[in-house]
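The structure appears below as structure tokens.
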Amino acid sequence: MREVLDLTGIVLIVCGLPFFLSGSLGLLRFPDIFTRLHALTKADNVGLGLIVLGLICQAGSLFEALRLLMVWLLVLIASSASCHLIARSALEKNIKPWMRS
Amino acid sequence: MNSLSLTLFDCVVLVTLLGLAWQLLATPDLFKAMVLFMSFGLVMALAWVRLAAPDVALAEAALGAGLTGPLFLSALHRLRGTRKGERRQQLDSIEHRGKIEKVTQRTSGRIIYLLLRILFAGLLLTLLVHLATILLHVEYENPGLGVFVAEQQEESGVISPVTAVLLNFRGYDTLLEIMVLFVAVVAVWSLATVRFSEKSGQVSPIQQGVVRILAPLMILVAVSLIWQGTHLAGGAFQGGAVLAAAGVLMMVSELPWLRLIPSLPVRLMLVFGPLVFLGLGVSCLADGRFLEYPGELAGFLILLIELACGLSIGLTLACLFVGGRPVDDLVDRGQLEEGS
Amino acid sequence: MTVLFAYKLGGLCLFFMGFTALILRSHPLKKIMAVNVMAAGVFLLFIAMACHGRVGVAIDPVPQAMVLTGIVVSVSVTALALVLACRIQETSGGAGSSEGEHPPQGDS
Amino acid sequence: MNGSGWLLVLIMLSSFVPGIIIFGLPEDRVRLRTTLNLCGSLIKIGLIVVLNVGIYLGYSYEIRLPLVAGMEVYLHADPLSALFTTLSSVLWLLTTIYAVGYLEDSPNRSHFFGYFSLCVTVTIGIALAGNLITFILFYEMLTLSTYPLIVHRGTPQSLRAGRNYLVYTLGGGALFFLAAAWLQVLTGPMDFGSDGFASHLVVEHGPLLSLLFVLLIAGVGVKAALVPLHGWLPQAMIAPAPVSALLHAVAVVKAGAFGIVRIVLDVYGLENMIVLGLLPLLTFVATLTILWGSFRALQQDDLKRRLAFSTISQISYIGLGISLADHRLALIGGLVHLVHQGIMKITLFFCAGNLAETLGVHRISEMRGIARRMPWTMGAFTVGALGMIGLPPTAGFVSKWFLGLGALSASNWVVVAVLMLSSLLNAAYFLPILITAWFDRPVGPWPDEKNFGRFETRLMLLCPPLLTAAVVLLIGVLAEAQISPLAWVRFIVEGYLP
Amino acid sequence: MPTVSASFWMVLPVVLPLAGGLLCFLWRQRSLWLPLAFALVNLIVVIRLTRLLLIQGPLHYQIGGWETPLGIVLVLDGPALLMLLLTALCGAGVTCYARGYFAYRISAQKQPGRHERQERFFWPLWLMLLAALNGLFLSGDIFNIYVTLELLSISAVALAALSGKPVAQLASFRYLLASLLGSLSYLLGIFFIYRSHGVLDLGLLRAVVEPGSSMTAGLVLMSCGLLLKSAAFPLHFWLPPAHANALAPVSAILSGLVIKGSLYLLFRFWFDTFASLISPAALNVIGMLGILAVFWGGILALLQQRLKLLVAYSTVSQVGYFLIAFPLAYHDATLSVWTAFLFMILAHGCAKVAMFMAAGTMYLHSGHDRMRDLHGIRLVMPLTVFAYGMAGVNLMGLPPSGGFVGKWLLLTGAFDDGQWWWSVAIMAGGLLAAAYVFRVMSPLFQAPVGASIFDGRPTPALLEWPPLVLSLIALLLGLFAPGIMALLTANGGAVISGGLP
């Protein structure tokens with residue numbers, strides 16, 4: 001049982017990592033603010049989710065697992081809200097979305 | 001394998017820290033510097049965790065990164081708000097920039113300036129190397145005060161050693177430190193009145209909604225941090241910082257009732273924590289010494305102090321963020337007449 | 001041991017970097033930041049000292065408490081410095097001050 | 001036998017307390033102020049009489065207040081200090097009376113009289129100082145309390161004079177302070193009257209001690225207006241006449257001369273002075289000052305300036321006498337001149353003040369026939385001037401006679417020559433004044449004449465110079481009497497040259 | 001039980017002003033008499049402590065009952081008590097003066113609200129500063145000293161910025177940065193010291209201290225921080241604008257008391273706690289800095305046109321004197337040099353407070369402090385001018401002031417050691433001081449020319465008497481010497497008591 005949990009955890013975490021990687025890549029390489037936001041939030045949310053799931057497998061108690069889940073939820077809320085705010089202020093400043101040109 | 005990877009991790013953290021610091025100090029773009037500064041704080045918190053100092057990590061994350069960053073941002077906002085036209089020069093004159101530029105226009109001046117810089121850099125480098133060699137070569141085998149703390153932990157009334165030091169063994173330091181916070185607020189109040197941005201109606205509903213969800217949660221977290229301080233990492237400062245962060249969030253979202261908080265209750269709350277701390281310390285004088293908690297009550301009293309101070313610290317930090325006294329506090333009489 | 005030394009060295013470097021910037025940078029916000037970086041350097045030294053890495057010896061909580069104190073102090077000082085910097089800008093600019101204060105004169 | 005040291009404190013308080021009260025008085029309480037002043041000075045004179053009798057009978061008066069290690073305030077009365085105390089307090093009484101008349105309508109009199117009393121208190125302190133520290137203490141306080149008097153008028157001129165005065169005196173004070181500290185480190189705390197320091201020091205630190213002597217003399221020499229350091233004195237004549245009287249006769253210059261006496265006789269001691277060979281140095285400076293002062297006096301047209309230069313020259317007779325101190329007669333001449341010069345010079349300044357206040361006459365060229373308008377004043381002036389020249393039967397003759405005898409007994413022919421030359425010079429700058437005042441015809445109206453009714457001037461202005469002129473004659477005639485300055489000086493000298 | 005009562009009195013100088021500061025902030029309507037009461041009670045407490053010290057000798061007090069290596073100890077010995085006494089005296093004077101100062105300005109009704117506001121914020125800040133100073137002098141723990149230093153400098157900065165003038169705010173911003181730099185340097189020094197011996201208590205440190213590079217580095221860093229905070233010569237740049245542009249009572253506090261805190265610590269560290277680390281070369285360097293400061297400050301003071309700037313530069317110059325005491329103390333780190341140092345500190349403290357208060361009163365009346373245009377002011381406010389003059393006598397070091405006693409002891413110390421060259425600097429500095437003091441006195445004594453524009457209102461007693469009394473205390477300090485010596489030697493001969501035996 002222990003080994004199975006460990007293995008699942010490792011697999012989940014390893015699965016999560018590429019999302020972070022791609023998110024960071026997107027942040028660096030994408031052409032404008034909106035696309036960068038897109039890459040960052042999308043990738044991070046999933047990536048974090050997977051990693052949290054992986055860690056839950058290692059958690060000792062239900063309480064700890066719940067706490068980890070809370071972390072993910074809070075980050076979800078915060079990141080979506082801040083993403084929204086950034087995009088909004090970008091729009092207010094009349095930053096034009098990137099068009100393939 | 002394990003220790004090697006950890007060493008690697010440490011190195012990465014350190015290099016990132018130094019790189020961030022270099023960047024944030026070197027960049028001419030102020031906004032970039034702020035952002036880098038916040039990330040610097042977060043990496044710092046990582047370093048604290050690595051160095052087995054969870055209390056400090058929490059405080060750094062909450063205060064160093066969480067609060068100082070927004071402080072800088074709002075200051076920048078405020079500066080930019082008034083920074084138009086010729087006023088731009090006022091701040092630059094702090095360093096007599098003009099003089100240096102005038103000097104450096106001549107070749108001889110430029111050379112001398114360069115030489116001075118080289119001299120300065122050389123001096124600092126020598127000093128750095130000297131201190132580093134001292135650190136490297138002169139090792140002491142003294143255990144520090146940790147041993148004493150461990151010995152007397154049980155008498156302190158709390159389980160967490162850091163809290164024991166902060167609030168019992170060296171409670172006097174902490175008392176004065178809380179006074180430093182208080183003085184900072186008084187100083188800020190003496191300097192300016194609070195102001196809110198004009199565009200309160202334009203706050204995004206999503207932001208307001210999120211704040212409504214987050215704020216109670218944060219308050220909960222804050223209280224739990226304070227309570228947790230007696231046995232785990234955490235305490236009044238960390239809890240207060242989270243409390244302050246909740247306040248900051250609400251203020252940024254321009255919740256309408258925040259504008260109407262009058263001065264008196266704020267002052268009451270600000271004074272509450274320090275006064276409780278001081279008062280309990282003095283009441284110990286009755287049958288003992290200053291700040292000598294009676295043995296069986298020590299734990300309870302410390303929790304009480306932490307709660308009171310946590311509340312006040314939260315409010316203090318929020319007031320520091322606001323950067324001015326409440327609008328109804330000591331208004332100029334002339335201004336009132338103009339208004340009416 | 002060496003890792004701890006690296007942290008201490010890093011702390012020293014931060015201190016001196018901050019010091020240099022404090023002297024050389026002209027913008028007040030930059031100066032305040034530089035002071036914060038210096039403080040971070042000193043704190044790093046303290047914490048690295050507390051975590052002496054010897055087995056069987058308890059970690060010394062006193063430096064940690066000192067650093068906590070230091071962090072709180074530095075936050076409050078930073079806040080004061082920032083407000084002060086803003087006020088300098090506002091009052092010396094004349095109009096646009098937040099208090100509608102009379103132009104200062106004959107005040108010692 | 002011990003008298004109570006509190007007598008000394010009382011003597012000081014008798015002018016200090018009125019001074020402090022006067023500071024607080026409103027400007028228009030003239031009568032109360034005058035009463036306070038006069039009562040203070042009368043009480044002081046009474047106390048000093050007691051002191052003198054006590055000292056003569058062999059009582060010793062002293063009081064100590066230790067401050068820190070090696071530093072104590074020590075008041076002590078010996079015959080020498082009694083001489084100076086008596087002189088200052090008697091002249092203070094006269095000057096006060098004169099000042100009341102002189103300043104009748106001028107502003108700021110509370111300050112003036114307050115500082116005036118402080119000045120006298122401090123001068124008494126100098127006289128009673130029993131060690132170097134106490135001497136410095138009062139010596140510097142004298143500088144401070146005279147400054148407001150010099151700048152009393154508040155005109156740019158007087159401010160400049162005040163500044164000059166400070167530059168000289170504070171500079172000299174600093175040298176004195178430095179040398180005193182060094183000397184104390186060498187010799188240890190030392191009271192006056194103990195015949196100087198141990199003679200083995202002379203062997204060990206001879207050159208250093210000589211250097212310190214030069215510094216000390218330079219320090220007191222500023223106030224005594226020794227020649228390269230005399231620049232402030234002629235300028236300070238810009239102050240009101242009572243202040244000039246105070247500077248020249250009661251307090252400042254006298255304190256300097258007194259300091260020289262103390263340093264030679266009590267700090268170094270005659271024996272050490274002779275071993276170190278420092279006396280000729282003093283002789284040289286004194287003769288230089290005497291001649292230079294006289295020469296400069298010849299060139300002045302302003303009466304008070306001429307008197308000021310005359311002071312410079314006359315004061316150095318004291319120094320000259322001290323520098324020949326191994327000869328009894330010279331020492332007597334020098335010390336007795338301390339008194340005689342004071343009385344004569346104060347007479348002259350009172351008269352000059354009268355002329356200025358009554359007729360607005362400041363220059364000698366304006367004095368043609370002035371004796372017909374103010375015969376009494378000029379009579380007193382004449383007595384004083386003749387005394388300065390050294391003609392019998394005035395007091396000046398007595399001191400010069402002893403000085404000359406001393407120089408002869410020392411076989412110091414240079415000094416004899418200088419004495420004769422300076423007498424000639426004195427005559428050369430005083431006689432023309434007398435001649436023009438008595439024998440010329442007045443031309444035209446006086447510059448600024450005021451009418452005071454029955455008398456030629458205010459009574460309070462007239463009495464003091466007449467009184468002092470009478471004293472000049474009296475102590476000249478009765479020099480060998482039982483109670484005279486000369487007799488007292490002999491008493492002093494017995495202590496030093498038994 | 002005598003010990004309980006003794007300990008009770010010992011924490012009061014810190015606790016009382018802290019409580020006072022909090023209450024003044026909370027309870028504004030009463031803030032007129034509240035600070036006055038607290039300042040007076042503080043004075044009474046200190047006088048009571050003086051008695052305790054004379055009876056019982058130096059006192060040690062463990063806060064919270066924790067033993068030294070861990071807990072914090074308050075130490076009350078002769079020097080600390082004298083500093084407390086100075087603070088309490090000047091504090092009471094400043095409090096009275098400040099009340100009069102603000103009342104005068106408020107009644108002028110030029111800028112409604114502004115001065116009330118300044119006063120309301122002045123009181124809590126000032127009481128906190130008082131607590132910090134008292135805590136600093138009492139503290140026996142290097143980290144606790146750091147916290148008090150921070151409390152001190154942050155309240156000092158806030159006070160300096162209180163006037164609201166842009167110049168003052170700019171100056172106090174620089175002051176803030178300078179004192180922050182000083183604090184951080186001090187903190188880094190604590191790191192090196194703590195890592196060497198693992199103790200923070202001064203008394204224990206003195207017992208274990210031994211020459212070593214780590215300790216030396218720590219001491220050097222701490223000293224640099226303290227030198228910066230006390231405006232020693234090359235590091236004095238922040239002082240004159242900050243002190244000259246603040247409100248008058250604030251200038252008095254900053255110049256008379258605040259810099260004394262760090263100077264006192266410096267002296268204490270060098271000659272008590274870390275005495276065995278000190279080398280003659282280091283002392284000579286400090287002494288040289290002192291000489292430079294004396295001349296630099298004195299000459300710049302002479303060149304000023306504004307009265308308050310002149311007084312501020314004279315502080316720079318006077319700090320030099322305190323530094324000159326260092327090399328002279330080396331061979332004879334006992335009574336006489338401590339006495340000299342403390343005498344100068346006490347005298348300068350009282351005199352500088354009086355001087356700034358007097359300058360402030362002149363400013364209030366005339367609306368400016370350009371020295372050229374102050375002529376005739378002697379007739380309007382004789383007492384104030386007199387107070388200024390008496391304070392000046394102190395700076396010049398003329399008898400019978402405390403400055404004179406200090407200078408005398410320094411001079412004899414210099415000759416005793418055969419280091420006579422310091423004496424030349426000491427005397428020359430005194431003459432410079434005389435020059436700049438009388439540069440002010442001269443126009444004050446000048447008869448008024450034309451109609452001078454003075455505020456016609458009479459000077460209130462609260463503005464006239466505090467400077468006068470303080471300057472007289474400074475002037476007569478020399479005569480109190482026996483009492484002061486008794487306090488210094490209350491330990492049965494030794495001046496210093498350090499930490500717990």
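Using the three backbone atoms N, Cα and C, a Cβ is placed for every residue, glycine included.
Under the heading domain 'NADH:quinone oxidoreductase/Mrp antiporter transmembrane', TrEMBL lists E:139-428.
Taking Cβ pairs closer than 8 Å, the transmembrane segment (E:6-25) reaches residues 31, 34-35, 38, 41-42, 45-46, 48-49, 52, 56, 59, 61, 63, 74, 76, 84, 88, 123-128, 130-131, 134-135, 138 in its own chain, all 6 or more past its ends. Annotated transmembrane segment per TrEMBL: E:6-25 (among others), in sequence order.
Residues or ranges marked as transmembrane segment by TrEMBL: E:32-50 (among others). Beyond the ends of the transmembrane segment (E:32-50), by six or more residues, the same chain brings 9-10, 12-13, 16-17, 19-20, 23-24, 76, 81, 84-85, 87-89, 91-92, 95-96, 99, 123, 126-127, 130, 134, 487 to within a C-beta distance below 8 angstroms of the stretch.
Here TrEMBL flags E:70-100 (among others) as transmembrane segment.
Taken from TrEMBL, the feature transmembrane segment covers E:121-139 (among others).
Per TrEMBL, transmembrane segment is recorded for E:145-163 (among others). For the transmembrane segment (E:145-163), same-chain residues at least 6 beyond its ends with a Cβ under 8 Å from one of its own Cβ atoms are 118, 121-122, 125-126, 128-129, 131-133, 135-136, 139, 169, 171-173, 175-176, 179-180, 182-183, 186-187, 190, 229, 242-243, 245-247, 250, 253-254, 258, 261-262, 265.
Annotated transmembrane segment per TrEMBL: E:175-194 (among others), in sequence order.
Among the features that TrEMBL reports, transmembrane segment is placed at E:214-239 (among others).
With a cut-off of 8 Å between Cβ atoms, the residues of this chain six or more beyond the transmembrane segment (E:277-303) that come close are 209, 211, 215-216, 219, 227, 232-234, 236, 240, 270-271, 310-311, 313-330, 422, 425, 428-429, 432-433, 435-436, 439. The feature transmembrane segment is assigned by TrEMBL to E:277-303 (among others).
Residues of the same chain lying 6 or more positions beyond the ends of the transmembrane segment (E:310-330) and with a Cβ under 8 Å from any Cβ of it are 230-233, 236, 239-241, 243-244, 251, 255, 259, 263, 267, 270-271, 278, 280, 283-284, 286-287, 289-298, 300-301, 304, 337-338, 340-341, 344-345, 348, 352, 355-356, 359, 371, 395, 406-407, 410, 413-414, 417, 419, 422, 425-426, 429, 432-433, 436-437, 439-440. According to TrEMBL, the transmembrane segment annotation covers E:310-330 (among others).
According to TrEMBL, the transmembrane segment annotation covers E:336-358 (among others).
Among the features that TrEMBL reports, transmembrane segment is placed at E:379-399 (among others). Sequence-remote contacts of a segment are chain residues at least 6 beyond its ends whose Cβ falls under 8 Å from one of its Cβ atoms, and for the transmembrane segment (E:379-399) they are 314, 318, 347-348, 350-352, 354-355, 357-359, 361-362, 365, 406-407, 430, 433-434, 437-438, 440-441, 444, 448, 454, 459, 463-465, 467-468, 470-472, 474-475, 478.
Among the features that TrEMBL reports, transmembrane segment is placed at E:419-438 (among others). Residues 287, 290-291, 294-295, 298-299, 301-302, 310, 313-314, 317-318, 320-321, 324, 327-328, 389, 392-393, 395-397, 407, 410-411 of the same chain lie 6 or more positions beyond the ends of the transmembrane segment (E:419-438) yet place their CB under 8 Å from a CB of it.
Here the transmembrane segment (E:70-100) sits apart from the transmembrane segment (E:175-194); fewer than 3 CB pairs are under 8 Å, leaving out pairs fewer than 6 apart in sequence.
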